Amino acid sequence: MGLIVDDDNDGEVLIPPPNFSMVEDEIYRSGFPELENFGFLSTLNLRSIIYLCPEPYPEDNLKSLASNNIKLFQFGIEGKTDPPTPMPKDTVLSALRVLVDVRNHPILIHCKRGKHRTGCLVGCLRKVQNWCLSSVLEEYQKCAGLKWRQRDLRFIEDFDVLRLKQCLYSIIYQYNGYGLKRRKLLYQEENVVQEQQKPQATKG
């Protein structure tokens, strides 16, 4: 079930979602949160959740998100399939764009168990952060446990982070070193300088 935390303020027992952990400051990952986990999640002051499954989000969970002003971003990626299907690169890229936008932080990433789909997205984030590939793959395997998938490792290895830079039309996320604490968000409009057209005088 995960670690049980006692809230010193009112004695409430707080239960994290399965496989919960911190990725970076204000970025978290986990398995699918149940209603019993939302007390714990409220302590994170989340702004957003990235949900990586195709199934509709439970109505009770949606109500809890609404009451806490948490935005839900759903990217429907199939889990275990027979035969196995490749991870959709464009979908992961879209999720990554949401993830690197600090306006969505604090943010939680989750799929069903918080291992494979979540692990692939976090692995791609690490590549954006310029982690060495061996460390990226090691983190994926550690979080996936005995059920790590070779095809996920190949996906992370082959994922082209240059595509992210090409697709960030209005936001450039600039990393200084490996950490996110010294991050800097630069807002850039597609047309940085837009001259206002003034009415032209007409000759009578």
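Cβ atoms are placed via backbone N, Cα and C, with glycine included.
Swiss-Prot assigns the feature region 'WPD loop important for active site topology' to one of the listed ranges (75-87, 179-191), namely 75-87. In sequence order, LEU52, CYS53, ILE77, GLY79, MET87, CYS111 are the residues near ARG117 (site 'Transition state stabilizer'), counting only same-chain partners six or more apart with C-beta under 8 A. Here the region 'WPD loop important for active site topology' (75-87) returns a mean pLDDT of 76 for the predicted model. The number of other Cβ atoms within 10 Å of the Cβ belonging to CYS111 (active site, phosphocysteine intermediate), over all protein chains shown, comes to 24.
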